[in-house]
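Taking it in order: structure first as structure tokens, then the write-up.
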Amino acid sequence: MRETKTDRIFLIGVKIMLWIALILVALPLVYIVANSFSSPAAVSAGRVLLLPVEPSIRAYQEAFSDPLIMKGYLNSFIYAAGGTLISVTLTIAIAYPLSRRTFFGRNVIMSLLIFTMLFSGGLIPTYLVVQDLGMLNTRWAMVIPSAIGVWQVIIARTFFRSTIPDELYEAATIDGASDLRFLWSIVLPLSKPVIAVIALMYAIFQWNSYFDALIYLKDPGLYPLQIVLRNVLILNQFGGTGSQDLAQQLEQQQLANVLKYALIVISSLPVLIIYPFVARHFTKGVMVGAVKG
Amino acid sequence: MSATFEVKPAPAAPAPAPGPTVRKPPRTSRRTQARRSLRRHWQLYLLVVVPLAYFVIFKYVPITNAVIAFKNYSPIKGPWGSDWVGFRNFELFFQNPVFWTLVKNTFLLSVYTVLASFPIPIILAIALNEIRNGRFKKTVQLVTYAPYFISTVVVVSMTILVLSPRLGFVNDAIGLFGVPSIDFLGRPDYFRHIYVWSDVWQTTGYSAVIYLAALSGIDPALHESARIDGASRLQRILHVDLPGIMPTAVIILVLGVGNIMSIGFEKAFLLQNPLNTAQSEIIATYVYKTGLLNADFSMATAIGLFNSVINLFLLLAVNFAAKRITGNGLWS
């Protein structure tokens, strides 16, 4: 069927709108990257817009040679890897039984989990629990209190329920498999996509989180990257020992400016590199989560 | 509804069944079912022990710990041993001059967030749905989706850098029109706009995915017949697409309103500076300061509890209203 004239005009309008959206979202990202690759002097003069001016990797050298930043990077990797392992294991351990119709009381348990999404004790009561468990100022505080996400349980449960037929279980039982054996040898291999999705959700959440560190950690040696970033980027705590002459101070100041842009790029890089590869799976996960049930 | 669906009745027990002699009731009682299920599937019950312990310890124990809102918490006596003070913490908070400012700031910020971040993803999704599948569509989706993966700390830093009075490109841009540069983050009046629009920037692409899924679930026959009837693109959007995604939209709106008072601590806290606290101090940031910086645990808990209760109430009210009006709600 032919498009009418108004339809074509409408479509052009839609495309213009999408272009505007694209530019609005991309512009700040491009700006940050361009600045991070420019010379400190150009950045401090505000001469950079969309392309690097006097290209330089000075900021990156500085960032990668800063012990505090590298320590934060390492800590974040530890938290992301360890946290994801714990979270995925626990999520499957509860999501799988909840997906089985023969599991008695699954509706009660599900309601109990969902209730925690709607109502919580609050910041201080949770803090008290972490304190009583002796987790304050330990690495455990970063991975245990936020170990299981109800949303991820729902996603995993929905997946198990919709892709693992009961007949499969019955067949396995006849062959003598126990529940655990069935989960390990049949369900898990069939569930790689959903495991990948929830693992990624947890990893990114862990990589980006700073609030737990802010309240539970005191020792700078344990700080994840996000806390280091906050100190450098938002509180401006970087460099600048007072004993230098004026020229050096100016250079330090300029370096601190461009360093901020480089840090933003460095910290977002791991997530953004894997993102295009997993975006499609991620989208599926989001959609599953959006389905009631 | 629950476990009336035993896949098949337990086979004749290999060992003599414990308990009384075998009756043959038409239906087994729930208790018997539970016992059977436990015996046959004990491994499943074993699996959930640790995760359940997690929920009890980190979600339900804190709820009981919230009792210190009604106490004068003493670390030595613990949450349950401390002395009761009734509603004194709440009264003190309500009488505190900051009370209304906090409630107002929290409420306005949240309502503004919901109002701005509800329709825009729908518009984006519909626009994406209108153009044919192709590289352009994929690019727009990939790019708009990306900011969701950036951390709050980084988004806030980017916002600060981009809006910076001396170096940010926003001030350069308005400078072209002869407007003198503005210290956006130093002015309380701008705080809400900065908060909300940086949020929209970050989450629109992500939220649009859900609507795109809903749009792809609409029966193409509806579109086809609308076209045969001579409906224009715009008319089809209004009369086919929008009704089609209504159920999804309602759920998302209800969830949004449910969060209205629990608006992100993280971002407000990071964007906050001494110059803009007049509008940036919200209940969550105040709880943090009272509780962890001033160590007034009872007061902070009382304020947090007040917030959670209002939240829950709002969620239930909106869900009820949504169900009445549209027939869709969070739970059916």
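Note that Cβ sites are derived from N, Cα and C of the backbone, with glycine treated the same way.
Since this is a predicted model, take the numbers as computed values, not measurements.
Summarising the annotation, TrEMBL assigns region 'Disordered' to B:1-35.
According to TrEMBL, the compositional bias 'Basic residues' annotation covers B:24-35.
Counting only same-chain residues 6+ beyond the ends of the transmembrane segment (B:44-63), those with a CB under 8 A from a CB of the stretch are 38. For B:44-63 (among others), the entry in TrEMBL reads transmembrane segment.
What TrEMBL lists as domain 'ABC transmembrane type-1' is B:103-318.
Here the transmembrane segment (B:107-128) has long-range neighbours at 137, 140-141, 144, 192, 195-197, 199-200, 203-212, 215, 237, 241-242, 245, 249, 252-253, 256-257, 259-261, 263, 268, 282, meaning same-chain residues at least 6 beyond its ends whose C-beta is under 8 angstroms from one of its own. Look at TrEMBL and you will find B:107-128 (among others) tagged as transmembrane segment.
Marked as transmembrane segment by TrEMBL: B:140-163 (among others).
Here TrEMBL flags B:205-222 (among others) as transmembrane segment. Within its own chain, the transmembrane segment (B:205-222) has Cβ neighbours under 8 Å at 117, 121-122, 124-126, 128-129, 141, 143-148, 240-241, 244-245, 247-249, 252, counting only residues six or more beyond its boundaries.
Residues or ranges marked as transmembrane segment by TrEMBL: B:242-265 (among others).
For the transmembrane segment (B:297-322), the residues of the chain that approach it from at least six positions outside its boundaries are 65-66, 68-73, 82, 85, 89-90, 92-93, 106, 250, 253-254, 257-262, 283-284, 286-288, 290-291, 328-331, judged by C-beta separation under 8 angstroms. Under the heading transmembrane segment, TrEMBL lists B:297-322 (among others).
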